[in-house]
Structures are given as C-alpha cells and as structure tokens.
Amino acid sequence: MEKDARPSWDNPMQFVLACVSYAVGLGNVWRFPYLCQMHGGGGFLIPYLIMLFLEGVPLFYLELAIGQKMRLGSIGAWTAISPYLGGVGLASVVTSLYLCLYYNIINAWSFWYLFHSFQSVLPWAECPVNSNRTGPIEECERATPTQYFFYRETLDISSSIEGNGGVHTGQALCLVLAWVITYLFIVRGVKSTGKVVYFTATFPYLVLFIYLIRGVTLHGAMNGVKYMFTPKMEQLADPTTWINAATQIFFSLGLGFGSLIAFASYNQYNNNFERQAIVVSLINSGTSIFASIVTFAIYGFKATVNYENCLERTRVLLLNTFNLAEDTITMDTVYEWTEKLNATYPQQFAEIANKLETCDLESELDTAVEGTGLAFIVYSEAIKNMPVSQLWSVLYFVMLLLLGMGSMLGNVTAIITPLRDFKIVSSTGLKECVFPTGLVCLFCLLLGLGFTTPSGNYWFTMFNDYGATFSLLFIVLIEVIAVSYIYGIRRFEKDIEDMLGHRPNWYWKIMWGFTSPILLIGLFIIYIVKYIQGGTPTYQAWNKELVMVTEYPVFGQVFIGLLLVSSVSCVPLTALYVFCRKRKRGNHHKWERSVNTVST
C-alpha cells in the first residue's frame, strides 16, 4: 500500500533529466579535460570508452534496477535485499553527507565570481593598488591577478591548515544563498525537482555551445583543439592511464552515493530503465568530450596569448639592450635575432641572459590544471582577455552554478529519501517533505561555514580527496558482489523481467558477475597501495605568491583516517548489529520455550 502511494516523476523524461543533471557535473568540465591533457590527448578516449562499457553502464543499470524494484532509498533497498546489507545504504548516506558538506562551497564561489562579474573592469583582470597608492599590492604583483583574486579576495586563505581566523562574511552569505536555493529546488521532493531539472539539465549545454562558437573563433584556439586530438599512443602502455579512465567513469556517473537508487525509486514500476541507463551514460560521456573541446579551445587561446606575450617581452628586451629600431625585430624573427645577437655580441648578450625567458607554446599547452585551479584561475585568466569579458564571465559562472546545483539535487535526495522512507518525521505533524529537507540543509550549512574560514580551503581539499573516493569504491564493490552472489543473478534477472518484460542479455550478466567486480577489486587494491606508498598525506598551501606542497599535521592525518573509515565501517558494524540482534532474539525465544516447557 505504501509503495503504491509513493510519489513519482510526472513522466520518464523528468527522471532522465534528473539523472543527467546529477551525473553531468563539475567533473565533466574540470576533471576530464585535465585527464586528456595528462594522458595523451585523444588517445585517452580509447581507455575511457572501454571502461565506460565494462564498468560504467553496467553499474549504472544495476543501481537503477535496485531503486525501481524496491521503491525505497539506499538504506531501505539494501535492507530489503538482506538485513545484513543495510550498512551499504547507510555508508552511501554518510558519503553523500560528506559530499553535501563541502560541495556547495563551490557553488558559493561561483556566486561570488558571478556577482563580481558586473563591473566595468573584472576585479581579477588587474592587481589592486596598495594602501599607499604607490603601485600594485606586492602579493598580487608576485603572483598573478587571477591567483590573487582567488586565494586572497575570494578565500582570504591562510598560509597553512593550522591558521586560524573568522568566517569570510562574503563567502558565508554566498553559501547561505546556495543552500537556500538548494532547499527551494527540492523542498517538495520529486514534484519540485522534476520541474527544476528541465532548466539545470539543459541550460549548461546552451552555454557550452555558445562558448564553443566563441572559443573556436579565439586567436590560437585551434592550437588547443589540435593538441587535444593529437593522440600520444605510448600513454596507452601506462597503467595509470587505464586506472584514471576507470575512476573518472566511476565518479562521473555518481555511482555509490545512493542518489541513483533514490531517483529510480520514484519511477513507475514498469519504467524502461535499461534504455535510460544507456542514454544517460552516453550523454554523460559525450558531455565530457564536448566540454573538453571547449576547454582546449580556451587552453589554446590562453597558451597562445602567454606565448606571444613572452615573445613580446623578449623582443622589447633585445631592442632596448642593443639599441635597435622598433621594426627591426618582429614576433616571427625573435629566435633568429636572439641567435644572431648572441653570436655577434656575446659579452653584451651574456649580461641579459638571466633575463631572457624560454618561450615555448608546447610547454604552455602541457601545463595541466584541474579542479578549482582550472575553473576559477585558468578560465578567469582566459575570460579577462576576451572582448566583452563581463558577458563571458556571467555566462560561464551561471553554467558552473547550474552544474553544481544539478549535482546537489541528487546529493541531498540521497540523504532525504531514506529519512522519508523510515518515517522519521511522522510524529512531528509537519509536512513530510519540508521538515527533513530543511533539517538536512540547515545542518550542512552550519557545518559548511567552516569552509569559509582562512584555513577552510585546506579542509575542502581534504574532504574532496579523502571523503568519497575510498568509500565509493568499497560501496559499489559490495553492491555488485551482493547482487551477483548474495541476492543471486537469477533472482535479479527475474526482478528485471518482472519490470521490463524481458531478461537482461548476456552482456549485462557477464559484466555484473565477472568483469565489473574484477575491475573494482583491482581499483580498490591499487588505491590502498598508492595511499600506503604515498607516505604522509600532503596538500598545496598558498604562501603569499606561490603554492607549496606541505604535509598535513597530525590532527589532519587523524581526521583523514576518520574520513576513510567512518563510512566504510557502516557495512561491517551494521551486519554485526543485525547478527547480534538476531542471536539475542534467538536466545530469548529459546528461553521462552524452556519456560513454557517447565510450566507445562
């Protein structure tokens, strides 16, 4: 009866758009292009697409099938399969909670940049003047205006994780705004989320398309696009390339968080999730490739501008040193004149040798940047050099906001759905949707304010690096083993046949029973080995004008250990609790039977 009364999507399209909005996130824009750059450009697409069909699509299908069959959130669904597996769902909820705590701070940064885009001169385009008004601020002059604006104006970052300080008021207000919007998007459950995803899932593509048109027309953009599609096939022999392809597929699709199970639980029982799993997976990967073309066009423009600026500085230095006429040396003849002057005036040339820069377009393109460094520094630096830079800035940060908000819908739904399933709010008298949603959003907001302190970015990095990776690998490995070998492939086949009218073909069964578990076990072992071999965990600290690699202090290392263990431990602890409870009940029943026998 409860299952029939469960709210559902208005139509299958809403479910598909919700999955697209959730899966297509910031990682498609700032992680995938970085991996392409690191692992041989277009050559990286080969392992990426292979891993998509060996790992991504089958596991995506599996989670949608579980959610639609059980019509419950992650905890309820896994408990229904086996009470001993309830910890898998609980681990998913804990991991989603960690993600919610820090993910919305990225949306807060996007709001901050968006609000600062409505100025005649973008604030990251040039260094601010010092208090004496005698020149630029020294810290900005030593770094770059874009780095200064991000690290000092946006984050007001401390020199280490041990630095103390109050909350950054501007960032705190932006974080409050991000959580208020998140709350409004999901306050009525799938009824409000289903309407919002029409916008959050489609508008980013419009912005990407506009950026593609603008990007490929920028000076030097083709240098970047050519760089992306020039494969370095020797990278295919490097195991790291395959490992990164597998992990990118895994995290890009959002597996293991419980969001997909929660979304699918609101489907009609006979909804064709098989086709939807394939469509959403292909859209997600297609978006990564599409976003990479846009990103590499921007890379090409930025690299070309930096390269030509370097040549211009060298040209001016040569003209001034050797008293040459202005038009003697052109950009195209800088290297030729450098060799000529070195051969003709070796003593005079030696005096400026330490001032000469090495200008190389290839090395500019080889500089790989990911994450916030790409989204808020590299892109900002490229945007400031575009004509009508304010327009492009507004479009870009609106796109980042929608990508981030779309992912937040799934993250919060993964937490709220189990709360509603267990009727935690049934005795409150408040509306079932409003109370848990508001409670979760307020809780995450209050804890998230810690990320707006001077050391907050270092804690953000810690959560980003250690809050989900290890636990998700473990969770999905347990999921696929549980379905294939505990619940049983044959029972799972019958469930799918009951919903779709046909059984899954041999491809799905081979992936679930053999290929995907082997891959996941391999990734899991590699992650543990790398973590052990890596020694003391490190982070990048901003020290006035440069980024320094610094070891985490003892309390940071302890906290990393807690992050790694806290969600994973839910699985064995829940199983142990259920075992002890059943054993206690069994002993209690035996005692009751013995009492009855004696009284008889």
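A Cβ is built for glycine as well, from the same backbone N, Cα and C atoms used for every other residue.
With a cut-off of 8 Å between CB atoms and residues at least 6 apart in sequence, the same chain places Ser252, Leu253, Gly254, Val280, Ile283, Asn284, Gly410 near Ala23 (Na(+) binding site), listed in sequence order. For Ala23, Val24, Asn28, Ser252, Asn284, Leu403, Ser407, the entry in TrEMBL reads Na(+) binding site.
Tertiary neighbourhood of the transmembrane segment (12-32): same-chain residues 106, 190, 193-194, 197-198, 200-202, 204, 248, 251-254, 259-260, 263-264, 266-267, 271-272, 276, 279-280, 283-284, 287-289, 291-292, 295, 370-372, 374-375, 400, 403-404, 406-407, 409-411, selected by CB-CB distance under 8 Å and a gap of 6+ residues from either end. Sequence annotations record features per position, and here TrEMBL assigns transmembrane segment to 12-32 (among others).
Residues or ranges marked as transmembrane segment in TrEMBL: 44-62 (among others). For the transmembrane segment (44-62), the list of distant contacts is 35-36, 38, 235-236, 241-242, 245-246, 248-250, 252-253, 255, 260, 273-274, 277-278, 280-281, 285, 289, 476, 479-480, 483, 504, 508, 511-512, 515-516, 519-520: same-chain residues at least six beyond its ends, Cβ to Cβ under 8 Å.
Feature annotation from TrEMBL assigns transmembrane segment to 83-105 (among others). Within its own chain, the transmembrane segment (83-105) is flanked in space by residues 73-77, 171, 175, 178-179, 182, 256-259, 261, 404, 407-408, 411-412, 414-415, 418, 440, 444-445, 447-448, 451-452, 456, 459-460, 463-464, 467-468, 471-472, 474-475, 478-479, 482, 486, 563, 566-568, 570-575, 578-579, which lie at least six positions past its ends and keep a Cβ under 8 Å from the stretch.
Annotated transmembrane segment per TrEMBL: 168-186 (among others), in sequence order. A Cβ distance under 8 Å defines the sequence-distant neighbours of the transmembrane segment (168-186), meaning residues of its chain 6+ beyond its ends; these are 104-105, 107-109, 111-112, 115, 154-156, 192-193, 196, 405, 408-409, 412-413, 416, 437-438, 441-442, 444-445, 448-449, 451-454, 456.
Residues annotated as transmembrane segment in TrEMBL: 198-222 (among others).
If you look up TrEMBL, you'll see 242-266 (among others) marked as transmembrane segment.
Outside the transmembrane segment (278-299), and at least 6 residues removed from its termini, the chain residues within Cβ reach (under 8 Å) are 16, 19-20, 23-24, 28-29, 32-33, 36-37, 45, 48-49, 52, 56-57, 60-61, 205, 208, 211-212, 215-216, 218, 221-222, 224-225, 227-228, 248-249, 252-253, 365, 374, 378-379, 382. What TrEMBL lists as transmembrane segment is 278-299 (among others).
For 394-416 (among others), the entry in TrEMBL reads transmembrane segment.
Here TrEMBL flags 437-460 (among others) as transmembrane segment.
Same-chain neighbours of the transmembrane segment (466-489): 59, 62-63, 66, 78, 81-82, 85, 88, 91-92, 94-95, 98-99, 102, 247, 250-251, 255-257, 509, 512-513, 516-517, 520-521, 523-524, 527, 531, 537, 560, 563-564, 567-568, 571, counting only residues six or more beyond its ends whose CB sits under 8 Å from a CB of the stretch. TrEMBL lists 466-489 (among others) with the feature transmembrane segment.
For 510-532 (among others), the entry in TrEMBL reads transmembrane segment.
Note on the transmembrane segment (552-580): residues 83-88, 90-91, 94-95, 98, 161-162, 462-463, 466-467, 470-471, 474-475, 478, 536-539 of its chain, located 6 or more positions outside it, place their CB under 8 angstroms from a CB of the stretch. If you look up TrEMBL, you'll see 552-580 (among others) marked as transmembrane segment.
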Surrounding residues of the transmembrane segment (242-266) on its own chain - C-beta under 8 Å, 6+ positions past either end: 6-9, 15, 18-19, 22-23, 25, 27-28, 31-32, 35, 38-39, 44, 47-48, 50-52, 55-56, 59-60, 63-68, 70-74, 77, 89, 92-93, 95-96, 99, 189-190, 273, 281, 284-285, 288, 407, 410-411, 413-414, 416-418, 468-469, 471-473, 475-476, 479, 519, 523, 526
Tertiary neighbours of Asn28 (Na(+) binding site) (same chain, Cβ under 8 Å, six or more apart): Ser252, Asn284, Thr287, Ser288, Ala291, Leu403
Cβ neighbour count (within 10 Å, all chains shown) around Asn284 (Na(+) binding site): 24
Additional residues surrounding Na(+), by Cβ distance to the Ala23, Val24, Asn28, Ser252, Asn284, Leu403, Ser407 centre under 8 Å: Val20, Tyr22, Gly25, Leu26, Gly27, Leu253, Gly254, Thr287, Ser288, Gly406
Neighbouring C-beta atoms (10 Å sphere around the C-beta of Ser407 (Na(+) binding site)): 26
